[in-house]
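Enquirer: Before I ask anything, let me first share the structure, which is written out below as structure tokens.
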């Protein structure tokens, strides 16, 4: 873990700081032997997970199901997004050459059938880390040939060659989040643009028309209903097939404040809007990009459009 300095920033770790939450955002956290096994496996292999680094509210639930989302290319990001709890640094260390094998070892122990990788933005690398991601995916395919792989990638600063490098790896789902509506993007996302994200999603869809393309947004940041509807339309128009929508919860007081707590009924409404546009939408207060990703893939492949019964 990098030591915080004037070039690094890490908000307080541990439990998310207390805010008064509406009743639909209060959880009974699962524990038990499966959670403990997952926790032990992650720690033993020394792998970073977005579950821990981003203080995800679903960590206990996911780990109790023996699922986790691996954080590739280290645990420090070259961008300082206002919603994110991951380390920021201007000078990240070189990628760990043992990381592909560590991730594969962990996934093998947990017997993962659907493996989700996310990444820190590596604007310091010429290809944004795309070739290193491919090394991880290749190792996973060698060690777990029956497992599917989903990658939540950065925008690679608009580098199409880097995108194609990643897409040629044989991944099952390419995921790139727009995170929020266009108007709020300059405040929410550091060094990223809404239009560039749409461009990368569209390029992926054009390059591999049969690939499952996924994106996601957070709500509760001050967006208007009409803006969410426009975002869903934009995603559908740019080749996206799967969309996740979840409630933004700030990790610390140094992050962007929550402007509203969106009701479950509103999430249902957004799901209906997205479905009418031909999107497969997983929406709910606790939904995150990788939450229940294996179930989302299963339902999509079995043409089950009703995700209301999925855990959210």
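Just so it is clear, glycine is given a Cβ too, placed from its N, Cα and C backbone atoms.
What Swiss-Prot shows for this protein is this:
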BINDING   51, 56, 62, 290  [4Fe-4S] cluster 1 binding site
DOMAIN    63-280  domain 'Radical SAM core'
BINDING   77, 81, 84  [4Fe-4S] cluster 2 binding site
Enquirer: For the binding-site residues listed here (77, 81, 84), which one has the lowest count of neighbouring CB atoms within 10 Å of its own CB?
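Expert: Minimum Cβ neighbour count within 10 Å, taken over the binding-site residues 77, 81, 84, occurs at 81.
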Enquirer: Between residue 84 ([4Fe-4S] cluster 2 binding site) and residue 290 ([4Fe-4S] cluster 1 binding site), how far is it from one CA atom to the other, in Å?
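Expert: Computed Cα spacing between residue 84 ([4Fe-4S] cluster 2 binding site) and residue 290 ([4Fe-4S] cluster 1 binding site) is 15 Å.
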Enquirer: Inside 8 A of the center formed by the CB atoms of 77, 81, 84, which other residues of the chain have their CB, for the recorded [4Fe-4S] cluster 2 site?
Expert: 79, 80, 83, 85, 86, 88, 120, 121, 190
Enquirer: Within 10 Å of the Cβ of residue 290 ([4Fe-4S] cluster 1 binding site), how many other Cβ atoms can you find? Include all protein chains, please.
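Expert: Residue 290 ([4Fe-4S] cluster 1 binding site): 28 neighbouring Cβ atoms within 10 Å.
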Enquirer: About how far apart, in whole Å, are the alpha carbons (Cα) of residue 81 ([4Fe-4S] cluster 2 binding site) and residue 290 ([4Fe-4S] cluster 1 binding site)?
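Expert: Between the Cα atoms of residue 81 ([4Fe-4S] cluster 2 binding site) and residue 290 ([4Fe-4S] cluster 1 binding site), the distance comes to 19 Å.
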Enquirer: What is the average pLDDT across the domain 'Radical SAM core' (63-280)?
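Expert: The average pLDDT of the model in the domain 'Radical SAM core' (63-280) works out to 94.
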Enquirer: Between residue 290 ([4Fe-4S] cluster 1 binding site) and residue 77 ([4Fe-4S] cluster 2 binding site), what is the CA-CA distance rounded to a whole number of Å?
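Expert: Residue 290 ([4Fe-4S] cluster 1 binding site) to residue 77 ([4Fe-4S] cluster 2 binding site), Cα-Cα distance: 19 Å.
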